[in-house]
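Visitor: First, the structure itself, so that you have it in front of you.
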Amino acid sequence: MTIFPLPAFNDNYIWIIQDKDSSGIWAVDPGKADVVLNFCHEYQKTLTGILITHHHKDHTGGVAELKQHSNCPVYGPEHLTELVTHPVDDGDRILVFSKVFTVIATPGHTLDHLCYFSEQETPILLSGDTLFKGGCGRIMEGTHEQMLAAMIKISGLPNDTLIYGTHEYTLANYRFALSLEPNNKDLIESNITCQKLRTEEKPTLPTKLSIEKKTNPFLRSHIEALKIQAAQQLNEIPAENPIGAFSQVRRAKDSFS
């Protein structure tokens with residue numbers, strides 16, 4: 001199984017899953033139909049499945065048109081009745097080619113947000129807008145408590161898990177992360193690497209969970225020095241509880257320029 005991105009809009013990635021023994025592909029969050037259809041036409045592939053992480057248009061906008069070209073199953077949040085043929089929720093399992101993906105509910109960015117995890121030789125997490133390289137999704141519908149719970153869930157996955165977020169936000173995320181931890185050597189090194197990748201117009205994703213634990217402020221909101229910096233940016237006293245500390249980091253990011 002291989003996974004690679006098709007760029008869409010300004011900074012979206014439609015992740016394509018393919019298997020060497022199949023002419024079919026799966027598309028993750030196809031916000032634009034023509035991107036997927038053009039790929040299928042050019043490489044003589046057939047769309048055999050769609051995974052949706054949440055309802056936002058840049059993740060679902062191409063699904064209806066793709067369904068007109070393919071009778072493939074569409075897995076996603078159960079309330080998307082016009083798009084989803086196979087509604088799923090936390091703990092459900094989906095067979096993608098020969099690999100099993102387990103659904104992990106991660107409300108926060110949206111209330112319906114789902115991630116898809118496959119525990120294989122190299123574990124895979126399709127994280128949608130919940131976790132990015134160096135960042136997490138803006139809290140649009142959920143609560144800070146819910147998003148922290150999602151971060152804790154993801155932190156419990158194997159350290160070698162490859163994380164496929166759906167936006168190329170890394171350099172902007174790192175600018176904020178470095179404002180909190182300017183002396184974090186892992187963060188500095190990763191930022192240099194990612195700047196080079198973007199100069200070459202290459203994606204900075206996927207990332208590895210072990211790297212995120214060392215560099216991503218939303219997986220590090222328990223670190224004392226980071227908490228202090230986030231609170232200072234908000235002109236607040238550092239929170240003493242985990243939810244409050246995470247909230248300060250998220251709100252500091254929201255107002256960061």
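Placed from the backbone N, Cα and C atoms, the Cβ positions cover glycine too.
If you look up Swiss-Prot, you'll see HIS54, HIS56, HIS109, ASP129 marked as Zn(2+) 1 binding site, on the strength of sequence analysis. According to Swiss-Prot, the feature Zn(2+) 2 binding site maps to ASP58, HIS59, ASP129, HIS167.
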Visitor: I'd like to know which of these binding-site residues, ASP58, ASP129, is least surrounded, judged by other CB atoms within 10 A.
Guide: ASP58
Visitor: Tell me, how many other CB atoms lie within 10 A of the CB of HIS56 (Zn(2+) 1 binding site), whichever protein chain they belong to?
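Guide: Counting Cβ neighbours of HIS56 (Zn(2+) 1 binding site) within 10 Å gives 20.
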Visitor: Tell me the coarse DSSP state (helix, strand, coil) of HIS54 (Zn(2+) 1 binding site).
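Guide: In the DSSP reduction, HIS54 (Zn(2+) 1 binding site) maps to coil.
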Visitor: What is the interatomic distance between the Cα atoms of ASP58 (Zn(2+) 2 binding site) and ASP129 (Zn(2+) 1 binding site), given in whole Å?
Guide: 11
Visitor: Nearest to HIS167 (Zn(2+) 2 binding site) by Cα distance: which of the binding-site residues HIS54, HIS109, ASP129 is it?
Guide: ASP129
